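Working notes for the structure below.
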Amino acid sequence: MKMVDELKGNLNSFLILLGIFSFLQFSFKQSFMFPSILPLNIPDSNLLLVIGNISFYFFFVFLLIVSMILSLTYKSLIPLTIILTISPFITLIPNYENSFLLYSLEIAILILGLASTIEGLIKSSLLSILLIPTLVLVNLGIYASILLNIFHNALFISYLTIYLISIAGYLAYVISWGKIKSLRNYIAISVGLLSMIPFIFFENIISHNRYLEILMNMILPSTLGITLYNPYHITLLVMALGLSTMGIVTSLIKGNVSSGVGYFLIITTVFLGIDGFSLLIYMLTPIIGFLVITSSEIESKRRLIDIISPTRNG
């Protein structure tokens, strides 16, 4: 029991480490492979790839630790944590990507993922209602992957629109979290707005440079996994990334590490489902990311589950 309490008490420390290695594996492994094949001179590219690969293993370890800690609160996460634990060994099975075992696990992740995200929502405060679009985004990404991997059909929807709606809800959640009328909140929002400036400049450069626009249309969607049905929406994607950065930075400065790290986990992996998740760890990450966000509200005095079922405790 003492060990459990210590793990829960150190959750923020594990989240910080998870966020660091998630950023490194995203920058130098997950997304680095796409610009690295272009005829560009990238200094020390081999070293960066090594950093990315090493970071990926640490990312897996800390994701597993965080998932184990959260499963103490969210019971529907327990089977998903077990799947995450065995996921590296599944790749050792010959032709595993077309095996009945993998298909069964993916369907299980879809069902349990929906249950887990709903559990995370109802066990958090009323403020978390603003995260419903993000919940939809997470589960749509998993559904799109299964639809393609198992049934060989693509889900044709405007992912960018859903992403923008998710950002709107997330920003409203971040700004409303904690004391709104406080110096820390004003500083956090100000720094968050400043973090958008590079994206605004980048959007302006792209919109006035057709060659760069074509290049970014290949790199950015490939990096995130998102599909843009209108190539001229690349500037909207850049602004969406800027708004996401603003929300994450604001959240971190306000002291809500869970919200910042959780949303980063979601946006860097959820769109990989559009073309089918290549690894189960990427399929599970958005679910865990959503629960990471809602975990900051678990101690709230007015939780949704208490309103839905007033006689229920816990």
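Glycine residues also receive a Cβ, built from the backbone N, Cα and C atoms like all the rest.
Swiss-Prot lists 47-67, 76-96, 102-122, 127-147, 155-175, 186-206, 233-253, 264-284 with the feature transmembrane segment, giving sequence analysis as the kind of evidence.
Residues of the same chain lying 6 or more positions beyond the ends of the transmembrane segment (47-67) and with a Cβ under 8 Å from any Cβ of it are 7, 11, 14-15, 17-18, 21-22, 24-25, 27-30, 32, 36, 77, 80-81, 84-85, 88, 281, 284-285, 288, 292. Of the two recorded stretches, the transmembrane segment (233-253) lies close to the transmembrane segment (155-175), with three or more CB pairs under 8 Å once pairs fewer than 6 apart in sequence are set aside. Sequence-distant contacts of the transmembrane segment (155-175), counting only residues of its own chain at least 6 positions beyond either end whose CB sits under 8 Å from a CB of the stretch, comprise 127-128, 130-134, 136-137, 140, 143-144, 147-148, 185, 189, 226-229, 233, 236-237, 240, 243-244, 246-247, 250-251, 254, 256, 259, 263, 267, 271, 274. Residues 18-19, 22-23, 26, 30, 60, 63, 67, 80, 83-84, 87-88, 90-91, 102, 105-106, 109, 113, 134, 137-138, 140-145, 148-149, 154-155, 159, 163, 224-227, 244, 248, 290, 292 of the same chain, all 6+ positions outside the transmembrane segment (264-284), place their C-beta atoms under 8 angstroms from a C-beta of that stretch.
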